[in-house]
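In what follows, a single structure is set out as structure tokens and then discussed.
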Amino acid sequence: MHLLDYIFLLRPTVLVPVWIFLLIGHYRAGGGIFSVTPSFILGFVIYTMIMGAVYIVNQITDIETDRINDKLFILPRGLVSVRAAYVEIVGLIAVAFALSFFFSPIYRTFLFLSFILGLLYSVRPAKFKGRPFLDLLSNALGYGFLAFSVGWLSVRTFSIDTFVYSIPYILAVGGVFVNTTIPDIGGDKASGEITTGVYLGERKALILALVLVVGSLISSVVLLDFICLPCAAIASIIFFWAYTVKSQRQKPPSSGGEISGSADEKRVALISVRLSAPLLALAVCVIYPWFLLLLLLVFLLSRYYYKRRFNFVYPRI
């Protein structure tokens, strides 16, 4: 189990969204259906190492909180020491950047930006994940633009098209992220983290999420992006439903303060979040069937590892 501890410290299940946007960027750059080159596979591995290192940093910064909440297990329970985790980070970054010299300088720039943004998101004093709108921008740009662009750069050079074609995904990730902050408003406020959801309050956060996913839908239509379009359409319907439920149940207070949400409203927010990634994953699996095998492998290995190591069922369906 010792080797598996180091592998799962990378949080493979959390890497899945990174892989999804990487593959979408590859496809939108002209990678072609079913087409996977050795160059792309190398780029895929490199970016996995970079983002895996970022997720280890995130766990180190949250180790005390995770120990109190009995979450993520590996570092809080001392299965991997913090010192060993730092060694793994350095090793991953060193190997990733060494291998990146097979690619262009702009590719290495995007690797560097991804790593730096990951640090800014997790590490004090910046800690963007506890700052309103910076948490939103970090996720929207990190997944929707940076990961997308790394996939793009395995096929074509960087250009204005790279950014333009990433717009639907930047907006989609932003909308879904805002919705993830809504169920956690109470907990985040108690822990002193002012997320976008805490700052705006539930009703305004729902409006922002709806605006972003509708923007994603419109840009998908304009750019003829038939991967993002159905996902954005479904998300728009769910977000509009959530906003309608909110508007009908409670009138905004005249003071403009926060409105406490009902269990039903929070459930709607969670449904939108839980549907978004699987919908995009399904679209990617249609284009790249081998990705379905990778997802299945991650799922089965994760189930085995967490059950055997911690007697805990994860991930749950």
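A Cβ is built for glycine as well, from the same backbone N, Cα and C atoms used for every other residue.
Now, the feature entries from TrEMBL:
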- 7-27: transmembrane segment (TRANSMEM)
- 33-57: transmembrane segment (TRANSMEM)
- 78-99: transmembrane segment (TRANSMEM)
- 105-124: transmembrane segment (TRANSMEM)
- 136-155: transmembrane segment (TRANSMEM)
- 207-240: transmembrane segment (TRANSMEM)
- 279-301: transmembrane segment (TRANSMEM)
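Sequence-distant neighbours of the transmembrane segment (207-240) (same chain, 6+ residues past either end, Cβ-Cβ under 8 Å): 24, 27-28, 164-165, 167-169, 171-172, 174-176, 178-179, 182, 196, 200, 268, 271-272, 275-276, 279-280, 283-284, 287. Proximity of the transmembrane segment (7-27) to the transmembrane segment (279-301) is established through 3 or more Cβ-Cβ distances under 8 Å for residue pairs spaced 6 or more apart.
Only residues 6 or more beyond the boundaries of the transmembrane segment (78-99), in the same chain, are considered here, and those with a CB under 8 A from a CB of the stretch are 5-6, 9, 42, 45-47, 49-50, 52-53, 56-57, 59-60, 63, 108, 111, 115, 309.
Sequence-distant neighbours of the transmembrane segment (279-301) (same chain, 6+ residues past either end, Cβ-Cβ under 8 Å): 12-13, 16, 19-20, 23-24, 27, 33-34, 36, 227-228, 230-231, 234, 315. Long-range contacts of the transmembrane segment (33-57) within the same chain, counting only residues at least 6 positions beyond its ends with a Cβ under 8 Å from a Cβ of the stretch, are 9-11, 14-15, 18-19, 22, 26-27, 85, 88-89, 92-93, 95-96, 99-100, 102-103, 107, 111, 114-115, 118-119, 121-123, 147, 150-151, 153-155, 287-290.
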